[in-house]
Structures are given as structure tokens and as C-alpha cells.
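Per Swiss-Prot, the features are:
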type: BINDING; residues: Arg76, Asn93, Gly95, 182-183, 185-186, Asp338, 342-343, Arg444, Lys450, Asp489, Leu493, Leu495; note: tungstopterin binding site
type: BINDING; residues: Cys288, Cys291, Cys295, Cys494; note: [4Fe-4S] cluster binding site
Amino acid sequence: MYGNWGRFIRVNLSTGDIKVEEYDEELAKKWLGSRGLAIYLLLKEMDPTVDPLSPENKLIIAAGPLTGTSAPTGGRYNVVTKSPLTGFITMANSGGYFGAELKFAGYDAIVVEGKAEKPVYIYIKDEHIEIRDASHIWGKKVSETEATIRKEVGSEKVKIASIGPAGENLVKFAAIMNDGHRAAGRGGVGAVMGSKNLKAIAVEGSKTVPIADKQKFMLVVREKVNKLRNDPVAGGGLPKYGTAVLVNIINENGLYPVKNFQTGVYPYAYEQSGEAMAAKYLVRNKPCYACPIGCGRVNRLPTVGETEGPEYESVWALGANLGINDLASIIEANHMCDELGLDTISTGGTLATAMELYEKGHIKDEELGDAPPFRWGNTEVLHYYIEKIAKREGFGDKLAEGSYRLAESYGHPELSMTVKKLELPAYDPRGAEGHGLGYATNNRGGCHIKNYMISPEILGYPYKMDPHDVSDDKIKMLILFQDLTALIDSAGLCLFTTFGLGADDYRDLLNAALGWDFTTEDYLKIGERIWNAERLFNLKAGLDPARDDTLPKRFLEEPMPEGPNKGHTVRLKEMLPRYYKLRGWTEDGKIPKEKLEELGIAEFY
């Protein structure tokens, strides 16, 4: 087999058993790898109704067939599990170097089961795999954890994925961090890892990922790298200003969420933009493995020294969404989240919900005691509560449950800007209605990157679409994006490659690496299979389409108050039935057996 090794590690932390298991190429041709392999294993092996924080939940860390190769951005991996935040599937994706190192060790994935009696970490060096005591690093921040493990194993080459105090304390939006500041962030994967008493996974390898036709693959890689470098976004805006280049663009288009999505225009946007960051704090770019784009930032602050990030989503979540415009405070807060192991989007979203609850008089000063009040623009709130959330101290314990449960506890769940209890990212759907449909139908909830309709609706990729068009063509484009991103994730590539590359380009890379002769349609069918399999998992886990495939009332009933999208709401009711029909699902959002048979997954019906 090429690309994939056809091997994964299975670790049962309850028993201490470690196995290396194999799978054949026919399975790879059906699921490709990474995200696809993971959902196959979950459907085959696990009851979707398990408690996400119980030993019965499985945590799957998986790289794709192009991870660890010279394919542009070939450093991505996925963490797939049942989310403690949403109760549904989550697939948290991360870059850096950890995923590539897993492939260099000779494995495609790690399946973690059970729960250790005491804190442990897993150490992998090629064929050597062991479970080690982690009691001495339990409670440590991410940078301390990585430094300690490197010293213990005697290697600077080792790559580490770990949790911070937030994961240990089962914060429902805890992240898994790797390579210091890269995050598998969404859905509480860090809490699942913490529930298993697993502090870290450290891996180093000496192998080379097998390629079917090395000469052809290198020619294809060179061609695709050149396409990316010549693209104005992948080769221009992203390397020059990082993902925060979007701040001004999204704000000018009137969908940059402010104060818990109360409006979509922020007068201080430039002060927290990628341009402002580059001018004031940027030290250098830091690309992930095999990445020709290099959107990663290294900034320097007097308070924390050199630190990576923040990304666009983090700038917004810890900034405009809280009415905060001081960029230094935002960078410092992002650094705190990375060190403590917190998803910045959910952290900011939960604090924004608390601020609106406070603004409307639902959270009282007497509840907070000596803690800072939840006032918009209060940077003291930002730094104080990030620490409290991670440690579940004081009011931070309530915040650690996420914004939906927080708002629900005060009788106002409508003030939580979530889909399926996952906090929404930095695009108000009243300014991009196809993107809003993507939020509502996303398998992991309020997520942008699995259905990035901002590309056609705002940025013009692959071509410009009216953000307020709700036609079948718009819905078909969304479905294509959802299936394509499932494919890209499963291949082990970054979604930023879609700025410059199209479906045919991914076909070329995969065929050259794997030695297959698949058509573009064959690969998109894999993506469709994965999307439907994840939907099936959710339905088995208790998804009610009528209840869960929706948006917060704010977007459906409150017109945008100002800016280019003034007066607009999201016409979800007009789009959702047609989305179901175009997906081949029933009128009530279920997947009929005939569709599963068409996709070759009727065994899971």
C-alpha cells in the first residue's frame, strides 16, 4: 500500500494492552484515511450513545495518506471522537508537525480506549510503543509538558500532542495542543483525552512515507505548489498577514460579529487586523510541515515574549465579540488559551454569552463577588476568566460547561450563539446565507471550515456568488464544499489549499501518491460517504433534525441592524428542505437505506 501504511496503534488504557492492527487497501479506497478511517472505526466499534467522558468513548488520532509527504500542506491530522460539548461527532483538525511524525513512525492512526488508573502519556518511537507515568506533569501547562517529555525521552525531534489543565479538568471545550501552539481545538477533544487520564502522546519516527510513483508525484507537487504561490490569497494575503487578513475584509462586508453577534460592523476592526499585527508585533512567519503558504505568525509581547498566533478566529473571539479592541490583550489571551489548552472560539463565545447575560441583568454582581463584572470591552474579564475556566474555579466552573449550558441555566438559551451547542465562529450568517445553511447542517455543529461558503459568497472562490442568493445552485455548492472538505481532511491536507487548488488537483496528488486511477467523481464520492457516515453517527447518537439543524433565533428573527446586510435575516426555512432533498435524504432529514446502499455503507443502517 502507498500513502497509507495500512497500520494503526490500538491502546487500551484500562488494561494497558497495546496492539498494532492492519487494514487493507480496499478499506482505504472506501474511506481514504484520517477523518474517513476514524468515522468508519467509530461506527463499526462504538455505540454512538455512550457518555463522551466515559471510558467507552474512543479517541482516534489519525493522519491521512498525504500526511508526511511533500504534498503542499501535508502535515494535517484529525482527532475524532464523540464530543462532550455537543453529544455528537467532532473531528478536530490540526497542523504543525505531529501528524507527519506519526506517519514517519510507520502508523496512520492511534485508537485510544478505556481510562488509565493514574495520569499517563504514550511514547512511540518507530516499533517501540509504551505507556509511561505522567503524574509529575499532570497540572502543567502545555509548554512545560512538552519540555519535560523532551528531556525524559532525550530527544528534541520528538513531536508531542498534549492537554493543559483545561483538559485535565474536563472543560467541555478543552483542546489538544501539539507543537506548542497548534490546536485540535473544537468540540472538547481535550476533555475526552483528560477523561482517560491521558496527558500526552509523544512520537518520533525514522521512516519515509511510501509513494507509488515518486518522480510523477514530485512533478505534480511542484505544479500544485506553484499554483498556490501564484494565488493572491494562498500566495499573497495569507503569508503576508496571516489569517487575520480577513478581519478588514469580513468587517467591510458587514458580517464581522460584534458583542455576541448583536451586529456585524466593528468600528475598531483595523486595530486588531492582520495588517496592524504585522506592523506592531510580528517577528516572523512559521509554516506547518510541507506548507508553501506559511500563514502562522510568531509575535512578541513584553508580557509573554515570543508567542504564536492569534489566528483570525481567535482575534475575533477574544476581541470584537467581547467588545475588546486592544490587540496586545488579545494576543496575550490567545497565548493563555494555548498554554491552558482551550479552544479560543468557544472560550470567546462563552464569555460573550456571559457578557450579554450580564448586560440584560440575568447574571447579577452578587454572583460574581470580587470577580470582575462581565462588561463589554473589559480586558480584565478576558484574562481573569480564561484562568478560572481552565481550573474550573468560581464562576469559571459554570463557564467551563460552554455557552449553551450557561445561557440555559439562566433560562435564556437563545443568547447562546451555538449550533448543536458548539459556539459559532467569526462570520455572521445574516451576511452569508449559504454559510448559515452550512452552520445548521454541519455534522459537528457551529463550524465554518467543514463548509466554508465564505469562499464563494465573500472571497469569490471558485467564483463569486451573491451572499443572499438561496437558490439550488447555492445549496449544491455547499454540498460540494462539505464533501470536498471531508476528502481534504481525510487526505491529510489543509483547507487553505482550496485557495488555488480545485477537486482535480487533489485527484492528481492522490493518484500519483497512492497509485490509483480514481476520477475526481470517485474522490468526491469518498467525501460524500464520509459526510453521510458522520450524519448517521449523529442520528444514532440522538440527533433530531427538527431541533438540531437550525440556527440561533437571532439570525432567523432579528434583522442585521446596520451595514451592507442591514435588514437581512437567514432564510433557513427556504433552504433546509431543498438541502435534504439534494442530499438524497428524507423530508425530515434522515438518511434512507437506499442512500446508504448507494454509498456502500448500509451495514451501519
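Quick reminder: no glycine exception, Cβ is built from N, Cα and C everywhere.
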- Which of Arg76, Arg186, Arg444, the listed binding-site residues, has fewest other Cβ atoms within 10 Å: Arg444
- Give the sequence-ordered set of same-chain residues, not counting Cys288, Cys291, Cys295, Cys494, with Cβ within 8 Å of the centre of the Cβ atoms defining the [4Fe-4S] cluster site. Thr73, Gly75, Gly95, Pro287, Ile293, Gly294, Gly296, Phe496
- Message: Going by Cα-Cα distance, which of the binding-site residues (Cys288, Cys291, Cys295, Cys494) sits nearest to Arg186 (tungstopterin binding site)?
- Response: Cys494
- Query: Here the binding-site residues are Cys295, Leu342, Cys494; which one has the lowest number of other Cβ atoms no more than 10 Å from its Cβ?
  - Reply: Cys494
- Query: How many whole Å apart are the CA atoms of Asp489 (tungstopterin binding site) and Cys288 ([4Fe-4S] cluster binding site)?
  - Reply: 15
- Query: In the structure shown, with every protein chain counted, which of the binding-site residues Ala183, Cys288 has the densest set of Cβ atoms within 10 angstroms of its Cβ?
  - Reply: Ala183
- Query: Closest to Arg76 (tungstopterin binding site): which of the binding-site residues Cys288, Cys291, Cys295, Cys494, going by Cα position?
  - Reply: Cys494
- Note on the structure: One of the binding-site residues Gly95, Ala183, Leu342, Arg444 has its Cα closest to the Cα of Cys494 ([4Fe-4S] cluster binding site), namely Gly95
- Task: Sort the binding-site residues Cys288, Cys291, Cys295 by C-alpha distance from Gly95 (tungstopterin binding site) and give me just the closest.
- Result: Cys288
- Task: Which residue among the binding-site residues Cys291, Leu495 has the fewest other Cβ atoms within 10 Å of its Cβ, if you could check?
- Result: Leu495
